[in-house]
C-alpha cells in the first residue's frame, strides 16, 4: 500500500477513536465509530486475497449493523425522552439496544460469531489493530452508558462471553482464531465488572492490550499461523519461544505474571459486591481458556519439529525486523504483578 494512503488511513483511524472519546452527543460518537470503521476497511482488504476480502465484508456488515442500532437507539431516546446526551440515555428500549449494539461491535457473546472468522482472514498486524485499537471507542461508550444498563444483563453477557471464549478455543488449531476466542473471554471479564468498578475495567483493558500485542508480535516475528508451525519456533529463537510461552500463561492469568492481577482484583470485587456465584463461574471458565494456552505452550516448548509439516522451512537470514516494541511489551506483559499494591491504591483514590 502507498505510504501516503496508509498514513491517511491510520490518521483517520486515530481521529475516529479520539472523536468518540471526546464526544458527549450521540451523533458525534456515532460519527467517530463510522470514521473508525471506514478507515480500517482498506487496511483489512489490502492483501487482495479472497479470505481477506471475505473477512472485510463480514466486518463491514457487522459494524454497519451495530452502528445502525446505535443510531436507532439514540434517536429513539431523543424522541421519547428529549435527550441526545450520552449520559442521559434513560429509556429501557434505548439502553438495551445500545448495549447489544456495543456488544456486537466488540464481539461479545452471544453476538460474537463474526470475530473468529474475520480475524482468521487477516494478516497478523491488521489482526492486532482489530483486537486492540478497535476495542477502545466502543468501550469508551460502554463505560459511559453502563450506569443506566440493567445489571443482570451485563453480568449475563460477561459470564457468557468468558464461557464462549474458553469453550470455543478448545478445538482450534489456527492461532488467529485462538486469539479471537481469547479476546472474547477477556472482554467478558471486563464487562462483568463494568458496573461495579469501571476503573478495574480500564486496568483489565490496558493489560489485555499489552498481553495481546505481545502475543501477536511474537507470532509475527516467528511467522507462525498454526500450532504446527509454532513447533518450529524453538529451533529458530529459543529465548523468544520461552518468553512467548510465559506471555501465553500471562494471558491465561497465572501468577506471578501480569495477567493474574486483573483477574484477582475482579474476583475480589465481585465477592465484595455479593456475587460469589458469578465470581466462581468466572474463575471456572478461566480454566477452559487456560487449557488452550497450555496447549500452545506445549507446542512452543515441549515438541520437536514435525517431519510432516506442510509449511515451508524458514531460511536463516539476517534478522531485520525491529524487536524493540516486542521487547518492551513482553516485559510489561510479564512483570507488572509486583505493582499490584500501587495499582490498588490508585484505584481507591
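Yeah, the Cβs are placed from backbone N, Cα and C, and that goes for glycine too.
Those TrEMBL annotations? Automatic predictions, nothing curated.
Feature annotations, reproduced from TrEMBL:
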- 23-288: domain 'NADH:quinone oxidoreductase/Mrp antiporter transmembrane' (DOMAIN)
- 60-81: transmembrane segment (TRANSMEM)
- 93-116: transmembrane segment (TRANSMEM)
- 136-166: transmembrane segment (TRANSMEM)
- 178-196: transmembrane segment (TRANSMEM)
- 202-219: transmembrane segment (TRANSMEM)
- 240-261: transmembrane segment (TRANSMEM)
- 281-305: transmembrane segment (TRANSMEM)
- 290-343: domain 'NADH dehydrogenase subunit 2 C-terminal' (DOMAIN)
- 317-339: transmembrane segment (TRANSMEM)
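Remark: the transmembrane segment (93-116) contacts the transmembrane segment (178-196), by the rule of 3 or more CB pairs under 8 A. Sequence-distant contacts of the transmembrane segment (60-81) (same chain, six or more residues past either end, CB-CB distance under 8 Å): 26-27, 29-30, 33-34, 37, 41, 88-91, 93-95, 97-98, 100-102, 104-105, 114, 118, 141. Tertiary neighbourhood of the transmembrane segment (240-261): same-chain residues 182, 186, 203, 207, 210-212, 214-215, 218, 221-222, 233-234, 286, 289-290, 293-294, 296-297, 300-301, 330, 332-337, 340, 343, selected by CB-CB distance under 8 Å and a gap of 6+ residues from either end. Residues 124-125, 127-128, 131-132, 135-136, 139, 143, 175, 179, 182-183, 186-187, 189-190, 193, 225, 230, 240, 243-244, 247-248, 250-251, 258-259, 261-262, 265-266, 325-326, 329-330, 332-333, 336, 343, 347 of the same chain sit 6 or more residues outside the transmembrane segment (202-219) yet have a Cβ under 8 Å from a Cβ within it.
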